[in-house]
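Please read the structure below before turning to the comments.
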Amino acid sequence: MKLWTYLLYPSLLACLSLQSQSPMPSVRGSCDTLCNCEEKDGIMIINCEEKGINKLSQISVPPSRPFHLSLLNNGLTMLHTNDFSGLTNALSIHLGFNNIADIETGAFNGLGLLKQLHINHNSLEILKEDTFHGLENLEFLQADNNFITIIEPSAFSKLNRLKVLILNDNAIESLPPNIFRFVPLTHLDLRGNQLQTLPYVGFLEHIGRILDLQLEDNKWACNCELLQLKNWLENMPPQSIIGDVICYSPPPFKGSVLSRLKKESFCPTPPVYEEHEDPSGSLLAITSSTSDSRLSSKNTSILKQPTKAPGLIPYLTKPSTQLPVPYCPIPCNCKVLSPSGLLIHCQERNIESLSDLQPPPHNPRKLILAGNIIHTLMKSDLTDYFTLEMLHLGNNRIEVLEEGSFMNLTRLQKLYLNGNHLTKLNKGMFLGLHSLEYLYLEYNAVKEILPGTFNPMPKLKVLYLNNNLLQVLPAHIFLGIPLTRVNLKTNQFTHLPVSNILDDLDFLIQIDLEDNPWDCSCDLVGLQQWIHKLGKGTMTDDILCTSPGHLDKKELKALNSDLLCPGLVNNPSMPTQTTYVIVTSPTVAADTASTLFSSLTDAVPLSVLILGLLIVFITIVFCAAGIVVFVLHRRRRYKKKKVEEQLRDNSPVHLQYSMYGHKTTHHTTERPSSSLYEQHMVSPMVHVYRSPSFGPKHLEEVEERNDKEGNDAKHLQRSLLERENHSPLTGSNMKYKTTDQSTDFISFQDASLLYRNILEKERELQQLGITEYLRKNLAQLQPEVEVNYPGAHEELKLMETLMYSRPRKVLVEQTKNEYFELKANLHAEPDYLEVLEQQT
């Protein structure tokens, strides 16, 4: 009985454990054991990055749930048939940064729902016709940074929904004809390959829907074969984004942009393109360059048009040249790329040192040592590899790079050091890499980069530093380096200065800064303004704030500057570095002024700034016009005033108003005796209009008094006329008659009447200073009878005008020995106009 108990007890425990564990994989899969999972919008996101996975069978996913799967930076080397058969609900799969060198036929079977596939940063060399079988709904394919040299003609023929294809940074020299005939591409990236030409027939004619085409960093041969591409680019719609085609050869055009070259300069006699048809009706139009071609493992069929018997189209099959296979070090695999190059595959071979590869192969072109256990790279390890163009040391355990380890690699263009244990970078590590264009340092533990680290690489274009531990960068670290793509994401940056770091990236096309713990404070204002200056598509993703708490997960670009740093703009007393630079250096002052102007344009939208400047300009124009009108008006008034003054100067009567309200003072001046009359000037006729104080009623009283004192008046009048005859106002040749006296004027018929009227008007005439004058001088008048005084009425009318009209604050100049004479400049418009009218 005990024996049966001992036998059944383990079996019972095993059954219970299976029953308790069997439901878990069906519900959670690898989420509880191997991977990290989260659900978002009903879709599972399964993160299996850096888990050491080398077989897809290690992955199990929840059933009947759509999901995104990330297998970044694992140890996958090959994709076998039906490897993804258990992942039928996958929407996207990321296989980047592995060591995948081959994909078997049917590897993607069962992925009918897959929309995105990432196989970038692997070791693929060829894309076969059936590589992507089973991906009928694929829309996005990323295969950059591999070693792809060959793409077979029907590799993409089944991808009828593919819109985005990324093939940059491979070694593609040519594309087969009609490769995209049935592919509705809108975005195509072919940067960093070996392309020399792209013909219209068989290629350009099938990408008419393209919106974004990147063609930089290829070996374009600017000759007549490139004329079709130039014509096609010129006819593209303006909304399309087309990268620059920069000539690589011939030497006279190296570095020139194709779009700026004239057709006659690189193709004096345009060729006549003929279409050659094969029996299947396809056009053979794209061929690789004969000067730098790679030979595939298959035979190449060359089609020639016959010069005789045009009815026959013979096919000449030329076998590929059999090159002697050079020595290949064990345990590596070698492949001949061309008569002058060798590709050496040594990945995943447990190699600890390059000294194990002895003797070194002859004339190696590419050396792949990814996925080994190399700890140290010695200076002597690569001495015999001076012909290398690509060196892959990714996913090793390299901690030390001796100074000068790459000294002999003067031809090296691509260097992969990703996935190692490097902690510090310095200048000595990269000595000798004068031709290097691509440097991959991601997924290390780099904490410090010393100044001048990248100076030995004057041609460096692509730099990957993502997924490290960087917090700061030294000043001028990118100065003089023609970088076009920089990846700094997933580091420890809280802020990144623009001055002396980011503003040295003069050739920048793309930069990655996301997934850093950005502190959205005053230190990030400059970075925000710099981001606003970047062109569309330069930033691959948005920068999100981590601190302070109220700005967590806020997009930096969308924040206002005053929210990042309150009071920064409105605090003029805050000392800044530019304040001191302006005083000390004129050169830096100009840079500071441009910086201030650029800051202004960043803070204010350009459209608003232009509108404001336009308003200011219009305001200035109107102000200037107003000033001109005012000046002209003043000039006209001045001229008019001069004319009036001339008229006053020509008149014997001068009245001048006092400028003040006080009593006027009397000024005595000398006046020429008869200058006016010697110039034959006619004395004005002054009509005395009866004022209210001397009207008809007053005249009746005067007549009554005249009856009593008539005789005295006659004597007084004669005396006045006699003295007037000797007055300076009259010339010696003038004769007057009293009989010419007009009835319109009021005459003096009684001396007492004259004095009485003067006394009544004395208060009003005090400002004129005439009363005292009359009291002193009229008593001395001796009347004479029978004096002929023909102009006496003019003088009398003038006297009556001055005495009986309303006083105007007039300055009257008088002399002691003469009959009173008026010498004042007239400024009283109503009286003066009346005088002029009567004179006329």
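Keep in mind that glycine also has a Cβ here, set from the backbone N, Cα and C atoms.
What you are looking at is a predicted structure, and each value in this text was computed from that prediction instead of being measured.
For the ranges 277-296, 697-716, 717-736, the feature annotated in Swiss-Prot as region 'Disordered' maps to 717-736.
Across the repeat 'LRR 7' (387-408), DSSP helix (H, G, I), strand (E, B) and coil residues number 0 helix, 5 strand, 17 coil.
Confidence annotation: the repeat 'LRR 5' (184-205) carries a mean pLDDT of 93 in the model. Long-range contacts of the repeat 'LRR 8' (411-432) within the same chain, counting only residues at least 6 positions beyond its ends with a Cβ under 8 Å from a Cβ of the stretch, are 73, 97, 121, 169, 370, 386-399, 401, 403-405, 438-450, 452-457, 464. When the repeat 'LRR 8' (411-432) is classified with DSSP, helix, strand and coil residues number 4 helix, 5 strand, 13 coil. Remark: secondary structure over the repeat 'LRR 11' (482-503) totals 2 helix, 3 strand, 17 coil, with classes taken from DSSP. Residues in the repeat 'LRR 2' (113-134) partition by DSSP class (helix H, G, I; strand E, B; coil) as 0 helix, 5 strand, 17 coil. Counting only same-chain residues 6+ beyond the ends of the repeat 'LRR 10' (459-480), those with a CB under 8 A from a CB of the stretch are 169, 192, 217, 418, 434-453, 486-494, 496-497, 500-501, 504-505, 507, 512.
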